[in-house]
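> Checked TrEMBL, it gives:
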- 14: active site (ACT_SITE)
- 141: active site (ACT_SITE)
- 99, 100, 101, 102, 103, 104, 105, 106, 107, 108, 109: ATP binding site (BINDING)
- 71-149: domain 'GHMP kinase N-terminal' (DOMAIN)
- 208-281: domain 'GHMP kinase C-terminal' (DOMAIN)
Ligand SMILES: C[C@](O)(CO)[C@H](O)COP(=O)(O)OP(=O)(O)OC[C@H]1O[C@@H](n2ccc(N)nc2=O)[C@H](O)[C@@H]1O
Ligand SMILES: Nc1ncnc2c1ncn2[C@@H]1O[C@H](COP(=O)(O)OP(=O)(O)OP(=O)(O)O)[C@@H](O)[C@H]1O
């Protein structure tokens, strides 16, 4: 969609179907085997010419989104402009549907979306490699927001290998009241694992097979998140949400990334609708959303 000479980019949220976390590195980050799957909840970022770098945001969580230069969308515009020696002046409007601070990479989606939108608006024609480099500078999850589909992220999650997906998966996401800070959750992981031998993170062959063959039951058996214990320790009430979802028919339940959103894998679209209704009335979450995967990465919408 173009609004008065603007460019709009649609970007998906993610769920981590496997998040294997290694020991803390000297730089404070953790090496990961991070199997990302893009899901059909989207933010849209519109870039339009302006006299200064400004941001607006609409959506149910808009009041929780910073509108200053700390917004990942603003940082994306600034990094891209600096690299090309052009002015970063642009208006960025974010239509936000991805829960904020929910472990679904909403801010990362806006960073990737702003990057692609500004690149098109300013006619820069950056290569995929250049865009991915800037994404990695913005944050560990940002490269995947650009790429979408499914991918294995290694290093701190920014080095991506795209993965084949052989079918559609159906999900319900229970959105919690309030967010969780990603660094705090990693810090809690460090506290809980202090003194323990932490193996090098590796992707599960069974999980990669389940994705490749589109086998929902096999995927349900292989879902794993090493940050789940940390998220539950910081937010014990999430245990009740996970139980409510499995009691109401989910094949599997887990915390999405650093949480506090919880993810439920179900067998089909109808079960997803029933489960979302059951979770909403369970009183264990703020709201529940259905989604499918894989979803396409950052995409410029037609005018
Ligand atoms: C939990 C996940 O969402 C799973 O995909 C990501 O690992 C987090 O990615 P992100 O939000 O893009 O995180 P970044 O902005 O890169 O880092 C925020 C903070 O999270 C912690 N962090 C992040 C990624 C990583 N591999 N190890 C870490 O320890 C660090 O404390 C870091 O300062
Ligand atoms: N465009 C943005 N949208 C939302 N939050 C943003 C944005 N830019 C910066 N932030 C800041 O980042 C924090 C984390 O927001 P975000 O929604 O990205 O969390 P998240 O989904 O848990 O991230 P991840 O799953 O990548 O760890 C917010 O609390 C907010 O202060």
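Every residue, even glycine, has its Cβ placed from backbone N, Cα and C.
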> So which of 14, 99, 109, listed as recorded positions, have a Cβ under 6 Å from an atom of ligand 2?
none
> Looking only at the domain 'GHMP kinase N-terminal' (71-149), report the model's average pLDDT.
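Averaging the confidence scores along the domain 'GHMP kinase N-terminal' (71-149) gives 97.
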> Using Cα coordinates, what distance in whole Å links residue 14 (active site) and residue 105 (ATP binding site)?
6
> Can you check which residue among the binding-site residues 99, 103, 107 has the largest number of Cβ atoms within 10 Å of its own?
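When each Cβ's neighbours within 10 Å are tallied, 103 tops the list.
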> Would you mind listing, in sequence order, the residues at least six apart from residue 101 (ATP binding site) in the same chain with a Cβ closer than 8 Å to its Cβ?
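The list for residue 101 (ATP binding site) reads 64, 178, 179, 180, 181, given in order along the sequence.
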> Got a sec? Which of 14, 101, 107, 109, 141, the recorded positions, have CB under 6 Å of any ligand 1 atom?
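141, by Cβ distance under 6 Å.
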> Return the residues near residue 105 (ATP binding site) by Cβ distance under 8 Å, restricted to its own chain and a separation of at least 6 in sequence.
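When sequence neighbours closer than 6 are ignored, residue 105 (ATP binding site) has 13, 14, 98, 141, 142, 144, 145, 257 within Cβ distance under 8 Å.
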